[in-house]
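Some features that TrEMBL has for this protein:
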BINDING   ARG187, GLY188, SER189, LYS190, THR304, ASN328, SER516, ARG577  CoA binding site
BINDING   GLY380, GLU381, PRO382, ASP404, THR405, TRP406, TRP407, GLN408, THR409, ASP493, ARG508, ARG519  ATP binding site
BINDING   VAL530, HIS532, VAL535  Mg(2+) binding site
DOMAIN    21-76  domain 'Acetyl-coenzyme A synthetase N-terminal'
DOMAIN    79-460  domain 'AMP-dependent synthetase/ligase'
DOMAIN    524-602  domain 'AMP-binding enzyme C-terminal'
MOD_RES   LYS602  N6-acetyllysine
Amino acid sequence: MAQIVQRPAATPTTHCTPDQYDALYQQSLDDPDGFWLEQAKRLDWFDQPTKGAEWSFAPPDIKWFSDGTLNLCHNAVDRHLGTHGDTTALIFEPDSPDAPGRSLTYSELYGEVVRVANALKAMGAGKGDRVTLYMPMVLEGVFAMLACARIGAIHSVVFGGFSPESLAGRIEACDSKFIITADEGLRGSKRVPLKANIDAALDQLDAPVTGVLVFKHTGADITMTEGRDHWFTDLASDDDCPCEVVNAEDPLFILYTSGSTGKPKGVVHTTGGYGLWAATTFHYTFDYQPGEVFWCSADIGWVTGHTYVTYGPLINAGTSLVFEGVPNYPDHGRFWDVIDKHQVNIFYTAPTAIRALMREGDEYVTSRDLSSLRLLGTVGEPINPEAWRWYHNVVGKGASPIVDTWWQTETGGHMITTLPYAHDMKPGSAGKPFFGIRPQLVDNDGNELSGAAEGNLCITDSWPGQARTVYGDHDRFHEAYFSTYPGKYFTGDGCRRDEDGYYWITGRVDDVINVSGHRMGTAEVESALVLHPKVSEAAVVGFPHDIKGQGIYCYVTLNAGEEQSDELQAELRQWVRKEIGPIATPDMLHFTEGLPKTRSGKIMRRILRKIAENDYGSLGDTSTLADPSLVDSLIEGRQNT
Ligand code: WT7
């Protein structure tokens, strides 16, 4: 029986009490259009929508608020100028505690965003154009996102840790003609050569990138290509730059994410539905109160950064902290210093960071003043109860509720989450569905499982923040999310529902692994490995990792005549790093003479997963293998890896 941790008592300003949750949730299911058209008043519209949802999942065709027009930059910035012009919009905390930080008001944010928007226009960017952002975690990244929204351009943010190869693929896939970057990024005192990576990416592309806008950050010496590359300061202007009027269904952004097959998918989110989802989930899940400092530690290169660094907080006229650095530089107390220094009230981070910091001992936490904290959140992977308790007791002093928020790049924002003053907490459970969300558990044949049960997690009805398509490939959208269980959105996650209706995510059930809260397709790592001239075949699976949640385990067979060696092992690690980026670096690399295959040649990943997990007792039926004797040599190889 899971231990229950009681929620704190509601206060007069609490956004959602237990009774309100029950009533609102019921209403959101009974009358979705009525509910969401009412919630839509959180946004400013040029044309208030009268239509709610128009959708089908078979095949997917999804629209929300299709007769509404708006602009999300107007919602995040301009509309606050009269009432919150002097409110702090953003706080910047640099990589090094000795470097200067910055904080700016909504009025100042307006000026910055207009300057970037004008620079984009000067390069020729406009409504509907794709703009690739490859930025450090600095305020200019947020300005750039908002500037795109302002002119109706579609941003595609690529995480600064991705390699030139990955970057090139993402620029090409959405045919992006404009790029926004900086000379370099900083992470834990290490320099990330962003502009040089852009140059390397563009060198491999025939793609007609016509404008690269460059922010000066570290002042590094970089190469500027005449006619194509522009310093931001050369193009910026304070000219009037009105917000473009866009339809609710016009795309706001594309974000590439890994799936179980092929190249990363460009998930498309639209302006109205996504904007409302960001606004509503931020308001309720974090119970955000005016004046509070909210800090989401995610990079804007991930969806968490999109929704809860940029859009959610700013649409709600909140104060959002942007942190450039890492949790362990200059020491393991850096997160807690930032909370202390900026009097952070709400802190949102990933279990992997919590586990890594927990391992360093309580002293780093207890030596800082964290009394400003009111609420804590986690996201990205299941949190083990031990880490949950440490977060709750040591960081939160037992007083701050924890919201465990389950969602995905495709969902736009929170889907299943504890609401801080409405639900008691169960460490390790993401809690209950958000308004409008109908989760369903199904068995492998797609039969619905009722009551307390464990199965594959689907969502049966559309919600405003749902992704609408995969950029340029609607069939792939259909295939990836709506074909496994026809008529339902399949999340790719396994999940248990307990007797109280709480949901416990058990992890991915497809060939996607979750490394430090980042999604990695095993197929992508395999493709990178087999590109190496000495590699014949590769199979990649996840295995339990103390800090990362899951690590990357690679089985590799070499071409005839190639020698297995420690040097080659190191070289292959480096190779994957270079092909995809540091986040894909293999944790384990296991040379084997062969891969376990059925007689028809299909790799039996189930066996590879078990061996990687060091779990040999339950290998199941191996008699269908073409060469059953391979299993013993794989087990032996596992012990030597
Ligand atoms: C996958 C989505 C959503 C932002 C970060 C990751 C896993 C996410 C939780 C949670 C258990 C979680 C799921 C999901 N996941 N949040 N609170 N508890 N698992 O976004 O890269 O799109 O990955 O992350 O497996 O499918 P993403």
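Backbone N, Cα and C atoms are what each Cβ position is placed from, and that goes for glycine too.
Since we're looking at a predicted model, the values are computed, not measured.
Within the set of binding-site residues GLY188, SER189, THR304, TRP407, THR409, THR304, TRP407, THR409 have a CB atom less than 6 Å from some atom of ligand 1. For THR409 (ATP binding site), the recorded positions whose C-alpha atoms fall inside a 10 Å radius of its own C-alpha are THR304, out of ARG187, THR304, ASN328, VAL535, ARG577, LYS602. Annotated Mg(2+) site VAL530, HIS532, VAL535; additional same-chain residues within 8 Å of its Cβ mean position, judged by their own Cβ, are ALA528, LEU529, LEU531, PRO533, LYS534, SER536, ALA538, VAL556, LEU572, TRP575. Note on the binding-site residues SER189, ASN328, SER516: the fewest other CB atoms within 10 A surround the CB of SER189. In the predicted model, the domain 'Acetyl-coenzyme A synthetase N-terminal' (21-76) has a mean pLDDT of 98. Summarising the CoA site geometry, the residues cited as binding it (ARG187, GLY188, SER189, LYS190, THR304, ASN328, SER516, ARG577) extend over a maximum Cα to Cα distance of 24 Å. Per DSSP, the domain 'Acetyl-coenzyme A synthetase N-terminal' (21-76) is made up of 26 helix, 13 strand, 17 coil. Here nothing among the binding-site residues PRO382, ARG508, HIS532, VAL535 falls inside 10 Å of the CA of SER516 (CoA binding site). Counted within 10 Å of its Cβ, the other Cβ atoms near ARG577 (CoA binding site) come to 16, all protein chains included.
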